[in-house]
Structures are given as structure tokens and as C-alpha cells.
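These features come from Swiss-Prot:
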{"type": "BINDING", "residues": "C72, C77, C83, S312", "note": "[4Fe-4S] cluster 1 binding site"}
{"type": "DOMAIN", "residues": "84-301", "note": "domain 'Radical SAM core'"}
{"type": "BINDING", "residues": "C98, C102, C105", "note": "[4Fe-4S] cluster 2 binding site"}
Amino acid sequence: MSTTETTGKSPAKVETGVKLRGAEKVARIPVKVIPTEELPRKPDWIRVRMPASPEVERIKQLLRQHKLHSVCEEASCPNLGECFAGGTATFMIMGDICTRRCPFCDVGHGRPNPLDPDEPKNLAVAVADLRLKYVVITSVDRDDLRDGGAQHFADCLREIRRLSPGTQLETLVPDYRGRMEIALDITAAEPPDVFNHNLETVPRLYKASRPGADFEWSLDLLEAFKKRVPAVPTKSGLMLGLGETDEEVIEVMKRMREHEIDMLTLGQYLQPSRNHLAVQRFVHPDTFAWFAEEGERMGFKNVTSGPLVRSSYHADQQAHGAKGD
């Protein structure tokens, strides 16, 4: 019996700065997650070795030193070892507590702390210390902010460019739900080199997998940015294995091209825990290759498609391919 049933009171509000994960995180979403008895056995093609190299530890220590978060760690990315060992990282700004409860994601939910005004400078110093040539900046959703965090993104870009003018910058932004105009006005004034926003899955699965988000809104966000800053490539991605069909994936790819999205990533969804959405299928590498061929035929400037692909995986190579470098 729930606390509400026994006391007649609503559950207490989560205190600011408290991070909910797993079952606590997804307890109040509209379509309930049924915990799986055990995680599915992964096929051979998506098993990865997590190297514990000195370079990985050095980057982790540097992130802690500058009070920064990497999405590589927070989202339990399977490529963490490869990317960290290669001296790269995708930075997650605006804290590590998200205002959304997406049941596929391993980032914690709650009431976020106020923005750290020193974060843009700390991030810029870390990028300079690591001598990075290509940086991806993403964030948690911040529905508590008037601009959804767009100004904080812009401040981070500006500070990095001041210390590392040769570094290319890609932003992987939230959907700015209800804040599109103000967020894009700010973004257009300090645009990234690549503007990325993930659709994540097909429209039919949005209610179960992206509560609080809207498929058409996300498409419109990408198109609206493109109209403001035509020279900057736009990018989006899908996770496969949530219950979509191949035909639905192709249809979403067509919709992306109709909205002038330049770059596409497709990867396998991996269930972070028993309390997250269950994997419905493991897509074979040959199918990922077929999607890439179809995407190239549709006119995407770059398609990166494979079981271990994530939005920021080899992002520098994707961007160079899109720009014809």
C-alpha cells in the first residue's frame, strides 16, 4: 500500500538537490515501467571492454577538480572507456539532476540546484587543459529556468572560444518545451558549430518513453534553428530497441529530412537497470548498415549507425563529414 493510501496525504516534495534514480525516478510517469526480472543477455556485437587506463582516471580527476559532469559517466555510456582513453569527453552542464523522468535514461531526476555561475569558466579551463579540438556540450532538462538554460549554453560557448578559439563546439540541447523562441534567439546570437537535439524514438512510443516531450515540437525546434542559422549543421538521433519497427524508423528519417536535418545517429538502446524500459530487440549490425545506406540515399550529409553509436560518439568525424572537410 502506498504512502498516499495510508496517510491520505500526497507524497512529500523532493528537496532541492536530491537525486532520484531507478524506481524512485519513474514512479510518477504516465505509463508505468514494469521492472524486468533480469537484464537481457547482450549479443556479442555489443559487448565492450571498459579499459581502466591512466588517461581515463586523469580525465575523471580533472572533471572533479573543476566540478564538472560528463554525460559519459552520468548516462552510463558504453563508449566511456574508448572516448576517455582517447582524451575526449562530452560535458554535461547545469548540474546532474534533470527535471524530466524519461524511463530510458540513467540520469537522475529531481529539483535541480541553482546554476553555478562559475561553470562556464571552469568548463573553458578544463577544455584548454585537455587541449580538446572538438567538444560536445549537453545538459539535463531545466524546465525550472525561464530560457530552459539557453543562456548558460551560450555563456559556456563564449568562454571556451575565448580560451580555445580553435576548438569546434557541438551542443546537444534539451527540447526547450514552451520556451523555443527565447531559447533560439539566445542560441542564434552565440551559435555552436553543430546544433544537435535528439528525437530519441518514434512518435508512437513517446508517451511511454519521453513523458513531457512532444515529437513534433522537437522536429520544429531543429527546423526553427536551421532557419535562424542556415550555415550551422543540424543533427538528431534515435535509439533502437524500444519497440519501434524498421518502417517507423524509415518514416522518422524521412520526416527529419523534410525538416532539413543534416546529420543522423542511430544506436542500440541498452537498459540501464531493471527499473528502466525493457529492451524489446537487439538490432543486428547489418540492419544498422542498411539504415545508414537508406539515410545516405535520403540526402543526410552524414549517417553514423551502429549498435554502440551514441549521439556524441565520434562527433568530430561526423561533423567533418557533414561539412565536407
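Note that Cβ sites are derived from N, Cα and C of the backbone, with glycine treated the same way.
Here the features listed in Swiss-Prot are placed on the structure.
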| residue | record | CB count, 10 Å |
| --- | --- | --- |
| C98 | [4Fe-4S] cluster 2 binding site | 25 |
| C102 | [4Fe-4S] cluster 2 binding site | 22 |
| C105 | [4Fe-4S] cluster 2 binding site | 25 |
| S312 | [4Fe-4S] cluster 1 binding site | 28 |
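You'll find the Cα of C105 ([4Fe-4S] cluster 2 binding site) roughly 15 Å from the Cα of S312 ([4Fe-4S] cluster 1 binding site). Spacing of C98 ([4Fe-4S] cluster 2 binding site) relative to S312 ([4Fe-4S] cluster 1 binding site) is 19 Å (Cα to Cα, whole number). DSSP gives S312 ([4Fe-4S] cluster 1 binding site) a coil state; it is part of no helix or strand.
Following the DSSP three-state reduction, the secondary structure of C98 ([4Fe-4S] cluster 2 binding site) is strand.
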